[in-house]
Amino acid sequence: MEFLERTYLVNDKAAKMYAFTLESVELQQKPVNKDQCPRERPEELESGGMYHCHSGSKPTEKGANEYAYAKWKLCSASAICFIFMIAEVVGGHIAGSLAVVTDAAHLLIDLTSFLLSLFSLWLSSKPPSKRLTFGWHRAEILGALLSILCIWVVTGVLVYLACERLLYPDYQIQATVMIIVSSCAVAANIVLTVVLHQRCLGHNHKEVQANASVRAAFVHALGDLFQSISVLISALIIYFKPEYKIADPICTFIFSILVLASTITILKDFSILLMEGVPKSLNYSGVKELILAVDGVLSVHSLHIWSLTMNQVILSAHVATAASRDSQVVRREIAKALSKSFTMHSLTIQMESPVDQDPDCLFCEDPCD
C-alpha cells in the first residue's frame, strides 16, 4: 500500500501493529504472529512498508512479560506486607512502642499503595480508545504519585505523634518485645526490598528502566527498611538504658526525614515524564548524531523524545535526505539504528527533501540547552 506522505511509525502494542499517515488518515491494523513477522526473513522488511524491530523478542511478548513480572512483584510484596503489618500492630501494642506502631502504620500505607499500584497497572493494560489514543499507560504514573502523597500524609501524622511523646513523656515501653518485633520487621523489609528490586539489563546490555509502580513500591519498602532498622536501634538503646526512652520518638523523626528524602528523586523523575521531558536514559544530542550518521541523511529537525511511562520511550523526527538516496531505504536504516541502540516504544520518522527545510521556521530550530 502506498501512502501520500512518507511518514513512518513503529508502535509496539499488545498483539497489534499500527501504521499511520499524515494526510490519508488511514489505519492498518493486523495481529502480530510468526507468519507475518518472522525474524529470519529480512527480505520482507525491504519489500514491506514497515520495519518493526523486535530486538530479539516480540514486543507483545515483552510487554506481557513486563506486566506479569510487575504484577507478581506487587502481589508478593502485598502478601508479605499484610502478614508483618498484623504482627507489628499486635507486637507494638504489647510493647507500648510508638516507633513499632508507626512502622506498622507505614506498612498499612505500603499495602494500600501496593494495591493501588496493582489497580493502576491493570488500568494501564487497557487498550487505547478514540479519546485516549495512547491508552491508559499513565494511570500507572498517577497511581505512583498518589502513593507518594500517601507517604507524606502518614509521615506528617507520625511526626505529630512523636512530638506529643516528647511533650508528654508519661509512657512505658517493653524493650524486649520491641526488640523481637523490630528484628522481625527488619527481616521482613529486607525480603520486601529484594522482591521489589528490579534493576536489570535488557537486550544489547541496555539498562531497562524500572516499572513505575514497582519503583514507587520499592521506595516504600526502602523507607520501611530504614524505619525498621532505626526502631531496632532505639529498642536496643531502651533495653540497655531504660531512661533513654526518648529514643522512641526520635527514631520516628529520623525515619520521617529519610522517607521524605527518598521520595524526592522519584518525584523529580515523574515530574519530568509528565512534562514530556527527554528520558534520563537518553541524550538528545546523542540521538540526533546517531540519525545524522546514517548514510543519506542531510539534516534533522523537529526531533522530539518523550515517554509514556518509565520504560516506554517515544521519538519523532523530520529528516531531510539526499536526492540520490531512496528515502524509504534511509528511513529503514534510521529505524534499525535507533532500535538497535535504544529501547523504543514508538518511532515516527517523516522523510523530507532539502527544499522543504525552512531555516527561519521556529518549529525547526534546535531546542536550547
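Cβ from N, Cα, C; glycine included.
Taken from Swiss-Prot, the feature Zn(2+) 3 binding site applies to His52, His54, Cys361, Cys364, supported by experimental evidence.
Here Swiss-Prot flags Cys53, His301, His318, Glu352 as Zn(2+) 2 binding site, drawing on experimental evidence. Sequence-distant contacts of Glu352 (Zn(2+) 2 binding site), defined as residues of its own chain at least six apart whose C-beta falls under 8 angstroms from its C-beta, comprise His318, Val319, Ala320, Thr321.
Annotation source Swiss-Prot lists Zn(2+) 1 binding site at His106, Asp110, His220, Asp224, citing experimental evidence. Counting every protein chain shown, the number of other Cβ atoms lying within 10 Å of the Cβ of His106 (Zn(2+) 1 binding site) is 25.
Residues or ranges marked as Zn(2+) 4 binding site in Swiss-Prot (evidence: experimental evidence): His137, His345. Cβ-based neighbour count (10 Å, all protein chains) for His345 (Zn(2+) 4 binding site) stands at 20.
For 32-44, the entry in Swiss-Prot reads compositional bias 'Basic and acidic residues'.
Across the topological domain 'Cytoplasmic' (1-79), the model assigns an average pLDDT of 48. Marked as topological domain 'Cytoplasmic' by Swiss-Prot on the basis of experimental evidence: 1-79 (among others).
In terms of DSSP secondary structure, the topological domain 'Cytoplasmic' (125-140) contains 2 helix, 0 strand, 14 coil. What Swiss-Prot records for 125-140 (among others) is topological domain 'Cytoplasmic', and it gives experimental evidence as the kind of evidence.
When Cβ-Cβ distances below 8 Å are used as the criterion, the topological domain 'Lumenal, vesicle' (162-175) is approached by residues 94-98, 102, 235, 238-239, 242, 245-246, 248-250, 252-253, 256 of the same chain, each at least six residues removed from its ends. If you look up Swiss-Prot, you'll see 162-175 (among others) marked as topological domain 'Lumenal, vesicle'.
Summarising the annotation, Swiss-Prot assigns topological domain 'Cytoplasmic' to 197-217 (among others) and lists experimental evidence as the type of evidence.
Residues 169, 171, 173, 175-176, 178-179 of the same chain lie 6+ residues outside the topological domain 'Lumenal, vesicle' (239-245) yet bring a C-beta within less than 8 angstroms of a C-beta in it. Marked as topological domain 'Lumenal, vesicle' by Swiss-Prot on the basis of experimental evidence: 239-245 (among others).
If you look up Swiss-Prot, you'll see 267-369 (among others) marked as topological domain 'Cytoplasmic', on the strength of experimental evidence.
According to Swiss-Prot, the feature transmembrane segment maps to 80-100 (among others), an assignment based on sequence analysis.
Annotation comment: Swiss-Prot describes 104-124 (among others) as transmembrane segment, evidence class sequence analysis.
If you look up Swiss-Prot, you'll see 141-161 (among others) marked as transmembrane segment.
Look at Swiss-Prot and you will find 176-196 (among others) tagged as transmembrane segment.
The transmembrane segment annotation in Swiss-Prot covers 218-238 (among others). Among residues of the same chain six or more beyond the transmembrane segment (218-238), those with a C-beta under 8 A of the stretch's C-beta atoms are 77, 97, 99-100, 102-103, 106-107, 109-110, 113-114, 147-148, 151, 173, 175, 178-179, 182-183, 185-186, 188-190, 192-193, 195-198, 210, 244-245, 247-248, 250-251, 254-255, 258-259, 262-263, 266.
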Could you find out if DSSP has Asp224 (Zn(2+) 1 binding site) as helix, strand or coil?
helix
Quick one: which residues besides His106, Asp110, His220, Asp224 have a Cβ within 8 Å of the Zn(2+) 1 site's Cβ centroid, in sequence order?
Cys81, Leu107, Ile109, Ser113, Ile151, Asn189, Ala221, Gly223, Gln227
Residue, out of the binding-site residues His220, His301, His318, whose Cβ gathers the largest set of other Cβ atoms within 10 Å:
His220
When counting Cβ pairs under 8 Å to the transmembrane segment (176-196), the leader among 80-100, 141-161, 246-266
80-100
By a 10 Å Cβ neighbour count, the lowest-scoring of the binding-site residues Asp110, His137, Asp224 is His137
Which of the three DSSP-derived classes (helix, strand, coil) applies to His106 (Zn(2+) 1 binding site)?
helix
